[in-house]
Amino acid sequence: MTSPSQVLPASAGKPTGPNADPKEIDKFSELAHHWWDPNSEFKPLHDLNPLRLGWIDGIAGLAGKKVVDIGCGGGILSESMARLGANVRGIDLSTKALRVADLHSLESGVAVNYEEIAAEALAAREPGSVDVVTCMEMLEHVPDPESIVQACATLVRPGGHVFVSTINRNLKAYLMAVVGAEYILQMLPRGTHDYEKFITPSEMARFARNAGLDLVEMRGMTYNPLSQIYSLSRDTDVNYMMAFRRVAE
């Protein structure tokens, strides 16, 4: 079993403020036209989507819920949640990715509202307005991930859920997510990940506590290259997901 460290992030955000990296935006905007090609650089994301969707739905129950998907990219997770009956808004700061997301929504007939806005700006504008916030494969690509977590906590109503996923920071994660996925297996373009931006579970838990979020569940993810199937795991050494609930007032 190997880790799904080859998964491309949804988006890193657009350089409209201090919590964005222009290089990250340029890097992933260049891949925007490949979002919905299951055999492109985004194949791992397509393969992973059923697992993370089922995990999120199992905890939060998406049907009828108002959801914001931060760093939605081309809308793979956003559309999947909408298909389960959620009222989804996908936000991103990559103009190209959002154009792809809008077009695919029209083609598929799955209604998703997309908006080009920073998480912090939306949180300031609409605090406590949604039931669920997702921020998947994105936090390791911004300068200040704690600011994004705080925005997630501000956006969600008391008692609502916040879901995040990212990559742990240790030798195993470096070998698998950077050396293995980018240089040996060449599953991702070189330079996709910056090891220094990886986030340990303890750091993520601290961000959440500071934002008034309680941990509900943490799970790792593993990948079987033969079956091309992702599975939940207790191993959080590389890729992991965390579910939080905003403390009720």
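Every residue, even glycine, has its Cβ placed from backbone N, Cα and C.
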- [ ] Kindly point out which candidate in Asp37, Asp92, Asp144 is recorded by Swiss-Prot as part of the S-adenosyl-L-methionine site with Arg52, Gly71, Met136.
- [x] Asp92
- [ ] Could you tally the C-beta atoms, other than its own, that fall within 10 angstroms of the C-beta of Arg52 (S-adenosyl-L-methionine binding site)?
- [x] 25
TODO: Note down the number of other Cβ atoms within 10 Å of the Cβ of Gly71 (S-adenosyl-L-methionine binding site), including every protein chain shown.
DONE: 27
